[in-house]
């Protein structure tokens, strides 16, 4: 405020509604000075505290506004607009100027005392005066009527402009949770609170204290001696120049300047607007994010308003509030879907798919520009390899930077492992001559690339470098992918090294812990525990969970300790189990829970096995899977469009193949036992007749009834397979194959007879496989004793009858003066097959008369030459 300005106005805001925070307690009664002498300055405000007013200067119930008569020098009123609006809309003919902040003892007071824009009524309590510093108080009554008229006009116009801006902020104020908060009694002292919004026809109305009833919650009396009570604290900066003009309170218990029977919605909005500037926005955003992750159907903005209005700055408190009030506002614009659903993928994943640049099968060739940049980067990374070899490898790998760099790095790493350790430049150069090449190998699936690459004599000194911003998007993405993967690999190697060192330290100190399952010794970091703190190694838990989930299909993984009845917590399973086993476990668990809760309403699609809930009286099943969408019959599982008003039996009879298939399915179902609790099919391969389902139910395999334990079976001793002579209970150890075969045979005969009756004897076709007669049991024969050879007379066998002409005699070599003749090899004589004589026995030598014409040798070799 300028020094020469004496036309100042002081407004005593006796009842200004504010937040009960500690900062506002120190500032809400601060002085506020209003100057109307200059339009270029922002008007500071001084609030005179009520306990410091003098009783001798008590005035009437009138509001006095002191100003000059000239309209051109009309001062601005209080900045009653919203935080984003600096001044009110002036009447026509008045120039709009940008206000400038003036000096003030406390800048925070100017920022805090800003009623909201939607206020249409200003209530000034009796005793709250607007006066100037230089003029006496008696002159204030002269201009009260004129000031009231202009004040009402300005307030009405400003409230009309800001009415639309406040509608969006009040979206949740009508909710019943906020109504209960608004109606709670609160202690109100020295506050000017905006009244509830009135209709547009009543804009600009000024109400006084005498028009309202008394307070519903009076303020406690101030203490004697000038010490303010807890409801009226001293201002942060005392008033020095106004000490002689302080006004005393007209009543020890002044009432509020507004009625309490209606809602205080503008009140609460003002509180929120002031508190939002003080609250850590990062904490609020984190609370909103975590709460929406747990309650994805909550409406937008509702959680943030709950935080501000109810001061719930704890995640557990917010979750408990939503659980206790399930009728909170919910979203209607979209369907909430599990982000890990295998049916529908999120839009982000669809727009930006995550590509594994190390997978050769998923890569596509890049253009020439990307190839050139990738080659330049690789030549800068591998300066000991020739540019031809680098470009060849890059071309073979479709021009991708990441996979080429990984292949070259692996080849050099393998060369470093195979090369001997050297120290010194001379030895290194000598070894480089001996190991001056690397074997580049890339194998992935059916792709196999090999080449021997030789090192350069000297490293490449000149190579082109690129700024990261100058790279093409494809090359930059691959470079970032490679760096991230290398970082993850290095972290994994460090982690494995840390585990190894940790285990060595445990072993050195003798602190290894024994596993309760395999009795191996492990460090504590490699162990997991059940809810009762029984320790097991991770390998045992993985094998146990794999067998339980994929084998027996257990719903709960209980402790492997024999005497423990606890199970493994979900947090331990998530840390230890692989993703495949964990997902299957969750799938089994969800399936069992849904089947237990809706056993009669759970239906699976016959095409894709997608489960869904369907009312028992609905016959048509529409698969909700977006990749299937087939409509089938719930009973016969046939396509619904093929029914056309036909029953399931008529539809099956209409198509002979389907009819035969349905009969064969009945025959197959005769061998399958279904659980009475969950409906799972069971087939016994071996063991006793007490069957246990994965859901925990027990049944008899013979009579197919629900049982509990072994009391259902016969307990009398008897021979295996023999019926009991004392009771008619089921046997524990029997083979139910015969009973199943009889039932299948009955179903097959009934279907064949029905087919003969409808189609006739000539068109009869066998249904199902032919019945196999059971193999007759052959009595076990004891081993026969070995016969002892005896000299018994042997029967004479008839001679073997030959049906061929006599054998040709071998040619005789003529001898003329003993000169050898070149006649070639002499063919061997024909040898007939031996007679069918049993000679493989253990008796003594038998002299049998054989054919005397048979030769006793096979003759010379066929290619024998003399």
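Backbone N, Cα and C define each Cβ position, glycine as well.
It should be emphasised that the depicted structure is a prediction, and the values quoted were computed from it without experimental measurement.
The number of other Cβ atoms within 10 Å of the Cβ belonging to residue 688 (active site), over all protein chains shown, comes to 13. Taken from Swiss-Prot, the feature active site covers 688, and the record attributes it to sequence analysis.
Marked as Zn(2+) 3 binding site by Swiss-Prot on the basis of sequence analysis: 633, 636, 643, 648. Around residue 633 (Zn(2+) 3 binding site), the same-chain residues six or more apart in sequence whose CB sits under 8 Å from its CB are 619, 620, 621, 639, 640, 643, 648, listed in sequence order. Secondary structure from DSSP puts residue 633 (Zn(2+) 3 binding site) in a beta strand.
Mean model confidence for the coiled coil (475-491) is a pLDDT of 92. If you look up Swiss-Prot, you'll see 475-491 (among others) marked as coiled coil.
Residues annotated as coiled coil in Swiss-Prot: 737-763 (among others).
Residues or ranges marked as SUMO2 cross-link by Swiss-Prot on the basis of a large-scale study or a structure entry: 100 (among others).
The annotation SUMO2 cross-link is assigned in Swiss-Prot to 351 (among others) on the grounds of a large-scale study or a structure entry.
Annotation source Swiss-Prot lists SUMO2 cross-link at 354 (among others). Within the same chain, no residue at least 6 positions away from residue 354 (SUMO2 cross-link) has a Cβ under 8 Å from its Cβ.
According to Swiss-Prot, the feature SUMO2 cross-link maps to 425 (among others).
The SUMO2 cross-link feature in Swiss-Prot is assigned to 430 (among others).
According to Swiss-Prot, the feature SUMO2 cross-link maps to 459 (among others). Taking Cβ-Cβ distances under 8 Å and a sequence separation of 6 or more, the neighbours of residue 459 (SUMO2 cross-link) in its chain are 383, 384. According to DSSP, residue 459 (SUMO2 cross-link) is assigned to coil rather than to any helix or strand.
Marked as SUMO2 cross-link by Swiss-Prot: 485 (among others). Sequence-distant neighbours of residue 485 (SUMO2 cross-link): residues of the same chain at least 6 apart with a C-beta under 8 Å from its C-beta are 358, 402, 406.
The annotation SUMO2 cross-link is assigned in Swiss-Prot to 619 (among others) on the grounds of a large-scale study or a structure entry. According to DSSP, residue 619 (SUMO2 cross-link) sits in a coil region rather than a helix or strand.
Other Cβ atoms within 10 Å of the Cβ of residue 658 (SUMO2 cross-link), summed over all protein chains shown, number 15. DSSP classifies residue 658 (SUMO2 cross-link) as helix under the three-state reduction. According to Swiss-Prot, the SUMO2 cross-link annotation covers 658 (among others), on the basis of a large-scale study or a structure entry.
Long-range Cβ proximity for residue 666 (SUMO2 cross-link), meaning a same-chain Cβ under 8 A and a gap of 6 or more residues, is found for 747. Feature annotation from Swiss-Prot assigns SUMO2 cross-link to 666 (among others).
Summarising the annotation, Swiss-Prot assigns SUMO2 cross-link to 765 (among others) and lists a large-scale study or a structure entry as the type of evidence.
What Swiss-Prot records for 773 (among others) is SUMO2 cross-link, and it gives a large-scale study or a structure entry as the kind of evidence.
Residues 633, 636, 643, 648 make up the record's Zn(2+) 3 site, and a Cβ search at 8 Å around their centroid adds 619, 635, 637, 638, 640, 646, 647, 651 from the same chain. Distances between the Cα of residue 636 (Zn(2+) 3 binding site) and those of the recorded positions 419, 658, 688, 719 are shortest for 658. Using a 10 Å radius centred on the Cβ of residue 636 (Zn(2+) 3 binding site) and all shown protein chains, the other Cβ atoms total 18. Within 10 Å of the C-beta of residue 619 (SUMO2 cross-link) we count 15 further C-beta atoms, all protein chains included. When the modified residues 419, 719 are compared by the number of other CB atoms within 10 angstroms of each CB, 719 has the fewest. Here the C-alpha separation of residue 719 (phosphoserine) and residue 658 (SUMO2 cross-link) works out to 46 Å.
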